[in-house]
Protein chains: 2
Amino acid sequence: MTASFDFSSWPPQLTPGQLEALTLAATTYALSHGLLYLPPSNSISNTQPRIPTTAIHAPLSLFPSPFPRAQFEAARRLQSVYNVLYARVAMDTEFLDTVMGADAGVGKADEFTGTLWRGWKNIREHGVVQPLHLGLFRSDYLLHDVGDRLGLSLKQVEFNTISSSFGPLSERAAAMHRHILASTSYLSASPYLTAENFPENSTSSGLAEGLAKAHNAYGVRGARILFVVQPNERNVFDQRWLEYELLEKHEILVIRQTLAELAVSASLVPSTHALTITLPSSSSLTNQPATYEISTIYFRASYTPSDFPAPSYYDTRFLLERSRAIKCPSLPLQLAGGKKVQEALTRPGVLEHFLGNEGARWCIGARDLIAFPTNICGTWMGMWALSISEPPRTRLARREAASLVLKPQRKGGGINVYREAIPAFLDSLRAEEREAWIAMEMIETPRGVGEYLVRA
Amino acid sequence: MTASFDFSSWPPQLTPGQLEALTLAATTYALSHGLLYLPPSNSISNTQPRIPTTAIHAPLSLFPSPFPRAQFEAARRLQSVYNVLYARVAMDTEFLDTVMGADAGVGKADEFTGTLWRGWKNIREHGVVQPLHLGLFRSDYLLHDVGDRLGLSLKQVEFNTISSSFGPLSERAAAMHRHILASTSYLSASPYLTAENFPENSTSSGLAEGLAKAHNAYGVRGARILFVVQPNERNVFDQRWLEYELLEKHEILVIRQTLAELAVSASLVPSTHALTITLPSSSSLTNQPATYEISTIYFRASYTPSDFPAPSYYDTRFLLERSRAIKCPSLPLQLAGGKKVQEALTRPGVLEHFLGNEGARWCIGARDLIAFPTNICGTWMGMWALSISEPPRTRLARREAASLVLKPQRKGGGINVYREAIPAFLDSLRAEEREAWIAMEMIETPRGVGEYLVRA
C-alpha cells in the first residue's frame, strides 16, 4: 500500500450482482471451513441446545481492510516486546497491588477487580505452587490519522491478557479472502487486491503451540488441558479449532467445563495441589466416573462480572488458581490486562522500569529492550486515570470530552462512554466510582473507509 | 474383523449420557469440517436462498459400520476392473442400442431412457467431436449373509456412472470417526474400534484428479470446468469441496450452472464445437458479460426425469453433448449405468465379451481381465428383466416376490418396489411398461446390525 492510498475509496464500488457473486463465494467458503458461530437461541431462556445441529457463518467482511504494510510489520515486531512487558507486569506484585489492588488501586472502586485481587492476595499469602504462567495475548490496534503531513500511525486500543478470542476464526477469514481472490480475482476491483497483499495467518497453530508448551512444562503423562468456557457460548468454533489442533498436532486432550460445572467436578489433591476433574460416567463405558489431572487451564470465561453470578463462582475461580496447573492466564496476568495498567504504563519512567532493566532474564536481551520504549510509547494515545484526589483530571475529561473515550476496568464491548456522552456520565458517577475509569484520547481512524460487512 | 464377528452386537450399547457425549463430538466435528447440508427450505416454493447463511450437519452415523476387511479390499481391487468394464460398455454402441435403445431396448418402455438414447443417436449420426469421456463411478455394495457356513459375500446394489455423490462428504465422515476415536476412544465401547480398523479415505483428491485430467487432456489454457447442478440443491458442500480442491491443487476454476441457466448461457462455437458459457456482468467489474470456454462438463444433474421439466431442457443437455468439452459422463456412459445394463451383464457370455477380449487396449492387460469375470460375477445377485415376450419371467417375479426387489431405469432412492408389494404393483403395470423394470434378488444383510444415526 503506497503512502497515497485513498482510504475513502474503500471498499471498491460493486453492482448488486457483483456484490451477490462475492458474498456467495464468501459465505459458502465460511460455512464449509468452520468460520462459524452457533445461531442465536430461539428459546426464551436463551440457552443453546446441548448438541448443536446447525451453524451460521460468522460475521465477515467481504474485502480485507486496507492497512499499511509498514504499520502492520511494526505491530508484529512490537508484539514480542509487549509480551515481555506484560509478563514482567504480571510478576511485579508491588506494581499490581498499587495499580489494581483493592487497598491502593482501582480495586477500591471496581468491585470485580477488587474481588479478583483479594483472591489472588489470599492465595499468594498461602504460597503459590505453580511458578509458571501462560499468556496468549492479543494487542488490538487501529490506524490513527493525524493529518496528511504526519501520515498514519499504529495506535493501541487495548491489550488482552485473558480470553483473547478470534485467533482461529481470523485465520479462516484470511483464508476466505485468499479464496475469493483466487476464485474471482475480486472482479479486478482494485489493484491492491493481489496475493502479496494478503499476509499469511497461522494463528491457530501458534496458540495451540503455546498451550502445548505449558502442558509439556507441567509434564504429567495423561494430563489434560481444561478449557473454562461460558455457558451458552456461541463462539464455540473459535475454541474447537484449538481443541482439534491440540489433539491432531500435539496429541493433547481437552476437557471443556463451565465454572458452574467445575464447582462440582474440580478438586485439588491436598498433598500436591494437583487439579483433578471428575467427569460423570458418560465419559466411559465402565459406568464409573473418570478423573483426570489438569496440566493447563485455558480461560475463555471469568473475564467479566457476569461470569460470576454468585459468590461461589469466585470460590471456584480461586480453587483453580490455587492449583498446580498452569493458568492461562493466572490472576496476576489477568489483572495485568486492566485498563488502569495500560494507563499506568504511560506514566513517566514506568515503561523504562519494566523494559530497561534485567533484560537478560528474558528472551529478549536488555540491549534490545532499551531500544524499544520509544516504539512502544509510539503506539499509545494520551490517557489518564480519573481520580478523587486529583479533580483536575476529571475536569480535563469533561473539557476535552469531544475527543475522548472513558473506559472501565472491563473486557468486552458496549461498556465504554464516548465523546458527547461523557459529561452527563461523569455527573452520574459518585466521586469514588470515578477511580474505576480511565480517559483515553479517541483514535481518529482514516476518514471515509468502509467495508461490506456480511451477517447471517 | 474376525469371521466370528457378531453383527447383532453392533452398535455397542450406550447410556443416554454416553450417547450424548459421542453425538456432541460428532456433530461439532461435522459442523466445523464442512460435513454439511443446506437446511431444508422454509418457503412454500421450497427454494434455497441465493446466498446461504446457515448449514446443518449432514446425516451421519455415530459409529463406523462393521465391514469385513477381506470384502472391503476385494471391493477396492474390483473397482479398476469395473471401471474398465463400464468404459467398454459405453464404447459398445451396438450393445447399448440393443439394451437401452428406444427401438430394441428398454428405451421403448422407459421414456426418459428413450429420450436420452434418441438424443445420443442423433448426435452420433452427425459425428461425435470429442472422443474422450470421463467417468467418476461409484459401485454400491451391501454384505450378503448366506448363512453361517458360507459366510458373508460382497454384493453389488448398483453401479453409478453419473452424479456419483458423497465422495467428499464420506471422506469427512471417515475423518469424523477417526476424530471421535482419537478424542474419546469411543468410550472403549468395542475392541474393534481401533485406528487400524479405520481405513484411509481420500476420495476428494481422487475425484478432483479425474476432473483435472480431463481438463488437461482438453488442453485449453484459461478454460473452466462446468458443474451442471440442480436448482435448490441442498447437498452443495459435497460439490463445493471438489471446487475447492480443483482450485487449490490444480488451479482450475469452476462455473456452476443449472440446465435452466445453461439454456441462456451456453453456446457452441460453430467451427470448433467448443462450448462457451457467457456469464452476466456480475462476474467482472467491467460491466461486460464474460465468456469462458469449457473443458469438462461434470453432471450433478440430468440423471432423473425431474431434471427435465420441459422438452427444452433436453435440448440444452444435447447441446452440451454435441460440444467438444469432455463430458462426465457422456450420454453413452450415462446409459451404461442403466439397471438394464447391470442385468444384461449377467447374461451368459456378456461379461466375457467385454472383459475377455482386446484387453491390451486398456490399462489392465487381457490376461488380468480374463481372470476377473469370476470375481465380478461373484458380486452379483440373481436378476432378470421383465419382458412382454417372456411371460415366465414376470410369473417368476410374482412367485418369488418375497425375496425380490423390482427396479426401474432410474437413479435415486424411493423408486424401487420391494417384496410383498410386488404382485399388486405388477397388476398395475401395462404389459409394455414391464420392460422398464428388472427383478433382482434381495441382498440379505447380516441380521440385527444397527447404528446410531444422527440427523439435524
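The backbone N, Cα and C atoms fix where each Cβ goes, and this holds for glycine too.
All TrEMBL annotations are machine predictions without curation.
Quick caveat, the model's predicted, so the values are computed rather than measured.
What TrEMBL says about this one:
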BINDING   A:ARG138, A:GLN239  substrate binding site
BINDING   A:GLU158, A:ASN160  Mg(2+) binding site
BINDING   A:GLU158, A:LYS339, A:407-416, A:TYR418, A:440-443  ATP binding site
DOMAIN    A:224-336  domain 'Glutathione synthase substrate-binding'
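All features noted in TrEMBL, drawn onto the structure.
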residue: A:ARG138; record: substrate binding site; DSSP (3 states): strand
residue: A:GLU158; record: Mg(2+) binding site; DSSP (3 states): strand
residue: A:GLN239; record: substrate binding site; DSSP (3 states): helix
residue: A:PRO408; record: ATP binding site; DSSP (3 states): coil
residue: A:GLY414; record: ATP binding site; DSSP (3 states): coil
residue: A:MET442; record: ATP binding site; DSSP (3 states): coil
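Straight-line distance linking the Cα atoms of A:ASN160 (Mg(2+) binding site) and A:GLY414 (ATP binding site), rounded to a whole number, equals 16 Å.
When the alpha carbons of A:PRO408 (ATP binding site) and A:GLU158 (Mg(2+) binding site) are compared, the span between them is 12 angstrom.
Listed binding-site residues: A:PRO408, A:GLY414; maximum Cβ neighbour count within 10 Å falls on A:PRO408. Comparing CA positions across the binding-site residues A:ARG138, A:GLU158, A:GLN239, the one lying closest to A:MET442 (ATP binding site) turns out to be A:GLU158. A:GLU158 (Mg(2+) binding site) and A:ARG138 (substrate binding site) have their C-alpha atoms 8 Å apart, to the nearest angstrom. Residue pair A:ARG138 (substrate binding site) / A:LYS411 (ATP binding site) shows a Cα separation of 12 Å. Summarised by DSSP class, the composition of the domain 'Glutathione synthase substrate-binding' (A:224-336) is 46 helix, 30 strand, 37 coil. Here the CA atom of A:GLN239 (substrate binding site) lies 23 Å from the CA atom of A:GLY414 (ATP binding site). Across the structure, A:TYR418 (ATP binding site) and A:GLN239 (substrate binding site) place their CA atoms 31 angstrom apart. In sequence order, A:GLU158, A:ASN160, A:ILE162, A:SER163, A:TYR303, A:THR304, A:GLY337 are the residues of the chain that are 6 or more apart from A:LYS411 (ATP binding site) and have a CB within less than 8 Å of its CB.
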